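Colleague: Features from Swiss-Prot:
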- 18, 21, 66, 69: Zn(2+) binding site (BINDING)
- 610-624: compositional bias 'Acidic residues' (COMPBIAS)
- 668-683: compositional bias 'Basic residues' (COMPBIAS)
- 16-93: domain 'ZAD' (DOMAIN)
- 95-165: region 'Stabilizes interaction with Cp190' (REGION)
- 220-232: region 'Essential for interaction with Cp190' (REGION)
- 610-683: region 'Disordered' (REGION)
- 286-308: zinc finger (ZN_FING)
- 314-336: zinc finger (ZN_FING)
- 342-364: zinc finger (ZN_FING)
- 370-392: zinc finger (ZN_FING)
- 398-420: zinc finger (ZN_FING)
- 426-448: zinc finger (ZN_FING)
- 454-476: zinc finger (ZN_FING)
- 484-506: zinc finger (ZN_FING)
- 511-533: zinc finger (ZN_FING)
- 539-562: zinc finger (ZN_FING)
């Protein structure tokens, strides 16, 4: 059985079939860029954004896509970008007062390949010059999404010469007007319309002008249903694709349009419909129907969807933005005040959120850590460690009767006792555990989700959720094959230097760089500033078209201008945090989940769903609970003061180092501490 499975998996990988419609014609690789197709983003990213399906080389699936699906993905992606752009402009209107101008809609995809023919055959008529031109122009104006294959316009050789009053006899002619298109050449609707109009002009030159009065009777359309099919617009729920449309006339001059509708668009019987008889299979990707996100477990998706029905009841007094919780609103207020209350103890760099500070502190790998004697948690500064130690020294008279935890307040004990209850409102579907809040359940579900299912193909990072990967992939495409868009006028360029040359025009006019929004002192400094963009590394924003000179400038821009966009990534699966320090711990774990590699699965906190203000567990138990350590491993008597805690930490660290490397190896640790003190005193 295992051998058959391996054989089938190998056949699936090598099968030359379109991964999305299962056709075997006109295939191309998903992972190789087609130079004839101008795209707004690479194809795997478009597929992820539209279908929530991640494709990458070596994923065990067919690696091909047909031409029609390729164009449809490009069209859908452009449409999605247009919708998001419209949403942004509409939300900016209350703040700016500038009503946005209409956006340009993406053109419908059109493919033309040379295999079949479109025949326009005029029969006997008194006006051989008028009918072909009218028919072609009508088709050029009305056809919206017709797959035309190798167009030929033929004049019948059986035209009978007739003499019309005031004109010369029409000679007998036998000409063929043929327009061939190379295989797999992509043409837009404008190209097709122009092509048909040119063909009509050629026909007009071949025939002399005939007075209008010579044709009092207009030809009758015999099959109006075919006309309706040709003219069917994009608003139709299911638009049939047409192959080989033919325009014919009978002996009386009446017009008939004969079309062949592709079999895949005809109504199917239930027994022939693959979707009716398809067996449902389990999948590890559960896309949200209300947004572009997807999740590895169905229950995570259900928790996420709760936020689509929640109301934003906390409104900012300085602008019109609203938030789910007081904590979100407090974070947003930093944008207006400019306050950055969380400072690094090593380099004094300031941040608006403690989670960003914790992420930054991990970069100081060469600085000795101060270890808490109670829980062995490391800190970069003695002050932080002493403040943390005070929490362990609190009197906690309220002890749980089931476990060893104790609490400083009775309310904390009552909240904790719900943990031991077997009738909690949020049960896990994969085990017998249940939880008091949806956020705690979501964090527990990470253990069931297994490994991170979405690895990046360009670097070593991997992600638990598809939209985390999608957001990360934009950082690669901004510096590779993606088009570069001017933030001022939205003109796009395929080359970064071309964009900079264009941006120089805007910067000269306004003395403000359109790339990084920096105000330039004078016109003489404009060119030198743009040269810095050419020579320095590019730090592209994931949410807009700005590109900055340094990572610091980019981070400041995101914190100031994209607070709303960052909310879905910062707040999912998070408790309200209105209690004493509860949010800080969760934010720190969230950063580990999204940015760190090779971390134990139990330490992950899944991506935020928005603050869990729906539920009442506002305090984290770790803030006021304390579990006495086992007597063999830790000291049961707490130190009398914080200074004694520091001395014990130093002594214990020195003993550890001595045991591992020798008696004299403990000295460098204290030497680093002295260097750290000198650095602080110098500052």
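A Cβ is built for glycine as well, from the same backbone N, Cα and C atoms used for every other residue.
As the structure is a computational prediction, the values presented were derived from the model and not from experiment.
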Colleague: Out of 18, 21, 66, 69, which of the binding-site residues has the smallest number of neighbouring Cβ atoms within 10 Å?
Modeller: 21
Colleague: Based on Cβ pairs under 8 Å, which of the stretches 370-392, 426-448, 484-506, 539-562 lies most in contact with the zinc finger (398-420)?
Modeller: 426-448
Colleague: Name the range, of those listed as 342-364, 370-392, 426-448, 484-506, 511-533, that has the largest tally of Cβ pairs under 8 Å with the zinc finger (286-308).
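Modeller: Ranking 342-364, 370-392, 426-448, 484-506, 511-533 by Cβ pairs under 8 Å to the zinc finger (286-308) puts 426-448 first.
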Colleague: Do you know the mean pLDDT across the zinc finger (286-308)?
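Modeller: That stretch averages a pLDDT of 79.
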Colleague: Short question: most Cβ pairs under 8 Å with the zinc finger (342-364), which of 370-392, 484-506, 511-533?
Modeller: 370-392
Colleague: Helix, strand or coil by DSSP: which one applies to residue 69 (Zn(2+) binding site)?
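Modeller: Going by the DSSP assignment, residue 69 (Zn(2+) binding site) falls within a helical segment, counted as helix.
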Colleague: Work out, from DSSP, the number of helix, strand and coil residues along the zinc finger (342-364).
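Modeller: The counts are 8 helix, 4 strand, 11 coil.
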Colleague: Beyond 18, 21, 66, 69, what residues of that chain have CB atoms within 8 A of the centre of the Zn(2+) site's CB atoms?
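Modeller: Those within range, site residues removed, are 19, 20, 22, 23, 27, 65, 67, 68, 70.
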